[in-house]
2 protein chains.
Amino acid sequence: MNKRVYNFSAGPSMLPVAVLERAAAEMTNANGTGQSVMEMSHRSKDFKPIIDHAEAMLRELMEIPGNYKVLFLQGGASLQFPMIPLNLAVREDGKKQKVTYVDTGVWASKAAEEASKYAEVRVAASSKDKAYSYIPEAPAPDTEDVYYHITWNNTIVGTKWNKIPNTGSVPLVADISSCILSEPLDVSKFALLYAGAQKNLGPAGVTVVIIREDLIKKVPDWIPTMLRYEIHAKEGSMYNTPPCYGIYIIGLVLDWMKEQGGLAEIERRNREKATLLYDYLDQSKLFRSPIRKEDRSLMNIPFVIGNADLEAQFVKEAAASGLVNLAGHRLVGGMRASIYNAMPKEGVLALIDFMKQFEAAHRS
Amino acid sequence: MNKRVYNFSAGPSMLPVAVLERAAAEMTNANGTGQSVMEMSHRSKDFKPIIDHAEAMLRELMEIPGNYKVLFLQGGASLQFPMIPLNLAVREDGKKQKVTYVDTGVWASKAAEEASKYAEVRVAASSKDKAYSYIPEAPAPDTEDVYYHITWNNTIVGTKWNKIPNTGSVPLVADISSCILSEPLDVSKFALLYAGAQKNLGPAGVTVVIIREDLIKKVPDWIPTMLRYEIHAKEGSMYNTPPCYGIYIIGLVLDWMKEQGGLAEIERRNREKATLLYDYLDQSKLFRSPIRKEDRSLMNIPFVIGNADLEAQFVKEAAASGLVNLAGHRLVGGMRASIYNAMPKEGVLALIDFMKQFEAAHRS
Ligand SMILES: Cc1ncc(COP(=O)(O)O)c(C=O)c1O
Ligand SMILES: Cc1ncc(COP(=O)(O)O)c(C=O)c1O
Ligand SMILES: [Mg+2]
Ligand SMILES: [Mg+2]
Ligand SMILES: [Mg+2]
Ligand SMILES: [Mg+2]
């Protein structure tokens, strides 16, 4: 294939082509250093401005208050599942502390399961009864909770929270892996936000953690040094060698976002793209969205026909037309179009066109 | 600067320019997939051959026996420091198991310190008495040891083991971060080998673990899922999203190694490069190597003048001549030339030329 495809993968997924072209152009000699960013010593004067720039751009676009640290870590969102309770909930005396999780899907429940190794986890609400097709009301925290965890955007099922739960003085923690920088989010309402980079930010292999400073504290000795926010915060994400190239790409992606008009314009585009697809689904006689309207994700849009053979045929024929990775997650089946920031409107229009043709051919 | 520099960084460091050029050429469309490797879903048919290829090439070049698993993980060698004892030494009943470490430098002692959280660590020998300038005799393992840990190449001080300690039935574990694929190594003599990618393999953000299958076992529940070899082995390094782009670059670097003539030819070049520099140092009246001859690293070559001002001037003037990152590690000072696989002989010759000029100007 000579031309680029529209990639609807849930992540890793599309990156802005302008970013890829700039990375290619700088590959053997970045900023006149005579080196690739991949070759730069993380402790060198060449790399320092690159990580500083990525952090500054993230702070600017997300409007991160000054009393939050930004960490660039490894291990994916999956390593945050244990790091959060290990850092926020483990006491020297071993007494298990209370935490609340809301179960809105596979990732939310994996996070809770991992936390239950280190904390007394209460799953206060779940939408599992209806295949996670909605976001439940957020119950009040327990007064003894040391934190309260939600998954802001649920990648697999395609839901998202539409208001920030009020947890009072209990620190609110949110997984924003699949929606970071898709629309404005009031960081000051959260104690900790985390995201794997591989959807809206850059390549897999970098995890961003945004943590309010008062939550960063010394933890018991038995916790691995590499799993301590305290260490990474103190060392500016350089306790050991960070994933330098991924951090560089994140900086380029954030530059691109700003050039596009910043988060307000990105949000406008995301709403426009999602609305186009949801509107089509809602009037279609062949396809439908299984998700409650008010809880629908802007980023991950699952849809079904209700006939597994026809769905498989759809996914296959779409791929042949340059619309790739439209199969739903293996746990839920059907189809899913992930339309992250880098998916152009043209990609969504091409998908809708293809769906219309498919509908015309298969509506009996 | 329009031309590329010779980068003597201890890591991240130089990569073969042919690899960088290929990565740049494939940046927006790899193998006709219409995507960058950075954009590929890790579960797609496009990415599968890429990770399989990286593993197959590593197996071929290192001659890894069939009863070893190859894992591509995140977190750097530093995350292996706890993972090794957590996977090999922790028992369900909490009884601390015995392990032996040999202290040959900063990384070796960091590894031992982290292990002491989970195991009864015996540091059986150390070369700290002489600033780590030699490799001590390897003491016999304790009969109760569950493993025996060494740091094969010591990046900061520039030593390496020149024979594999005989640990009998006690599993031998080695950190080969800074020497992997620099010369042949008999993998079958080790139970576990690990390396951060950022010296000889590729970009920072990938850690390679080569582990004998019989050592992979279920570990107690309290150990984070992400820190279990069992999980990563069972899931083929895809328990969560792996650092896909780094794995791709590793595959390209290994292709390049094979094209150059494989490990035998790489070793020949490494010996030639190191010999040129050590021979110059040993006859120089200004510079000298602080390391015992039989224990000298092929990869990391520290040298000193013994005058901090002159050393700083050397590092600065060398950089101005396109020979960058020659300062020694902040803990030891002096100079260090890291000459990994991708450093061409021309780079070493340029360094020696520069040293000769500097010596002529400054030998009083
Ligand atoms: C919401 C959410 N959380 C966590 C994860 C796991 O992320 P990782 O693969 O980076 O560990 C994902 C992956 O898709 C996700 O979508
Ligand atoms: C021998 C050795 N071990 C461990 C490390 C730590 O590696 P990382 O930064 O990948 O955690 C290094 C880093 O230079 C090293 O040289
Ligand atoms: Mg989900
Ligand atoms: Mg419909
Ligand atoms: Mg060392
Ligand atoms: Mg000398």
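Numbers run from 1 along the shown chain.
Using N, Cα and C of the backbone, Cβ positions are placed for all residues, glycine too.
Because TrEMBL annotations are produced automatically, they should be read as predictions rather than curated entries.
According to TrEMBL, the features are:
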- A:5-351: domain 'Aminotransferase class V' (DOMAIN)
- A:ARG43: L-glutamate binding site (BINDING)
- A:ALA77, A:SER78, A:TRP107, A:THR155, A:ASP175, A:GLN198, A:ASN240, A:THR241: pyridoxal 5'-phosphate binding site (BINDING)
- A:LYS199: N6-(pyridoxal phosphate)lysine (MOD_RES)
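Sequence features annotated in TrEMBL and their locations in the structure.
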residue  : record                              : Cβ neighbours (10 Å)
A:ARG43  : L-glutamate binding site            : 17
A:ALA77  : pyridoxal 5'-phosphate binding site : 25
A:SER78  : pyridoxal 5'-phosphate binding site : 22
A:TRP107 : pyridoxal 5'-phosphate binding site : 21
A:THR155 : pyridoxal 5'-phosphate binding site : 27
A:ASP175 : pyridoxal 5'-phosphate binding site : 28
A:GLN198 : pyridoxal 5'-phosphate binding site : 32
A:LYS199 : N6-(pyridoxal phosphate)lysine      : 30
A:ASN240 : pyridoxal 5'-phosphate binding site : 21
A:THR241 : pyridoxal 5'-phosphate binding site : 24
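Chain B lies within reach of A:SER78, A:GLN198, A:THR241, taking the recorded positions A:SER78, A:TRP107, A:ASP175, A:GLN198, A:LYS199, A:THR241 and requiring a CB-CB distance under 8 A. For the domain 'Aminotransferase class V' (A:5-351), the model gives a mean pLDDT of 97. Per the record's binding annotation for pyridoxal 5'-phosphate, residues A:ALA77, A:SER78, A:TRP107, A:THR155, A:ASP175, A:GLN198, A:ASN240, A:THR241 show a top Cα-Cα distance of 31 Å.
Put simply, A:ARG43 (L-glutamate binding site) is 27 Å from A:SER78 (pyridoxal 5'-phosphate binding site) when counted between their Cα atoms. In the three-state DSSP classification, A:ARG43 (L-glutamate binding site) falls within coil. Cα of the residue listed as 'N6-(pyridoxal phosphate)lysine' to Cα of the residue listed as 'L-glutamate binding site': a span of 28 Å. Less than 6 Å separates the Cβ from ligand 3 in the case of A:TRP107, A:THR155, drawn from the binding-site residues A:ARG43, A:SER78, A:TRP107, A:THR155, A:GLN198 in sequence order. In this structure, the CA atom of A:ARG43 (L-glutamate binding site) is 25 Å away from the CA atom of A:GLN198 (pyridoxal 5'-phosphate binding site).
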